[in-house]
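See structure below.
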Amino acid sequence: MDGETAGEKGSLVPQPGALGAPALGGAPAPGVRREPKKYAVTDDYQLSKQVLGLGVNGKVLECYHRRSGQKCALKLLYDSPKARQEVDHHWQASGGPHIVRILDVYENMHHGKRCLLIVMECMEGGELFSRIQERGDQAFTEREAAEIMRDIGTAIQFLHSQNIAHRDVKPENLLYTSKEKDAVLKLTDFGFAKETTQNALQTPCYTPYYVAPEVLGPEKYDKSCDMWSLGVIMYILLCGFPPFYSNTGQAISPGMKRRIRLGQYGFPKPEWADVSEDAKQLIRLLLKTDPTERLTIMQFMNHPWINQSMEVPQTPLHTARVLEEDKDHWDDVKEEMTSALATMRVDYDQVKIKDLKTSNNRLLNKRRKKQGGSSSASPGCNNQ
């Protein structure tokens, strides 16, 4: 969005020829999809030039509801199938536990381009790890970490029950509603969210008896992205630094990629010396290198460290100190996780269907033998 016109009434105009939709009256019930309002967002909201954040697909600006004066967050997306998908998935999830609520959606024109404007509750408490970093001398305990992980898990559980994989669960997408002690932690930014009910074998080019097993269950792969993220966030919560890191200064180095793929991380002292074995075991189950072996969200929520979080020991952790000491490198940590998730999404989206020539399939080998070694079969397709 061009910031210089963000605050001017009329910079966003209604879609020509469209009728105004009735007022939403707050967030839709979970799972309900609504049509965007077609009249100008500036009829209902006073827009500000204050940038609150940058989402995957667009800026997030501060705005105020004209009648109530309520401060909200406005995300502008130029219309595209990807933007529509983001709105659809977020709307479907809105109203779910620990998920940032959508208040309104508009379809307007901006500088001659159709755009979608998502008005959301304003998350004034900032990012999860910033809040821990700002605690100073006040100890952050293992029990608090367990309660935070239970809250994040509750959001993921709701999404997965709606057949949505978020696929971008990372520190900057976990925000508090306010600065108050009783603030609620919520998940936002559905720019990479994906429905998990589609069958990958609707791909026009495949041969069922040699398709790779991961292609038969793609929804497990998309959801396992979220489970891996839970493992990384839990690890950082318990010690203040990430399990995988780049030694080269690159956002994601070949060495870091290799450590992620091989699951090479440790629980070094002194930070991990007093952390419970239950917590370490849960991290191991989330950071499994084979996505199909990672815990499901139901298994995660049923783990004693999560479902009995009030009984987790109140052991003081090194987290706040480490986050404060390493705050100059925190942007690098966030960038590394962003890159790692991007790599993972690409890997899972582009799982190869083996080419017939390279497929070691008993039936095909028998057929080839009959044909005297000549391959008359049509080539398979690589979903690259």
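The backbone N, Cα and C atoms fix where each Cβ goes, and this holds for glycine too.
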For the ATP site that Swiss-Prot gives with Leu52, Gly53, Leu54, Gly55, Val56, Asn57, Gly58, Lys59, Val60, which of Lys37, Lys75, Lys113 also belongs there?
-> Lys75
Which range is motif 'Bipartite nuclear localization signal 2' per Swiss-Prot? Of 66-70, 366-370, it is 366-370
For Thr315 (phosphothreonine) and Val56 (ATP binding site), what Cα-Cα distance in Å is obtained after rounding to a whole number?
-> 36
Long-range environment of the region 'Autoinhibitory helix' (309-345) - Cβ separation under 8 angstroms, sequence gap at least 6 | 129, 132-133, 135-136, 138-143, 145-147, 149-150, 167-168, 170-172, 192, 225, 228-229, 232, 236-242, 244-246, 249, 251-252, 256-257, 260, 270-271, 274-276, 278-279
Sorted by sequence, non-Leu52, Gly53, Leu54, Gly55, Val56, Asn57, Gly58, Lys59, Val60, Lys75 residues with Cβ within 8 Å of centre, ATP = Leu76, Asp189
Quick one: average pLDDT across the domain 'Protein kinase' (46-306), no decimals.
-> 87
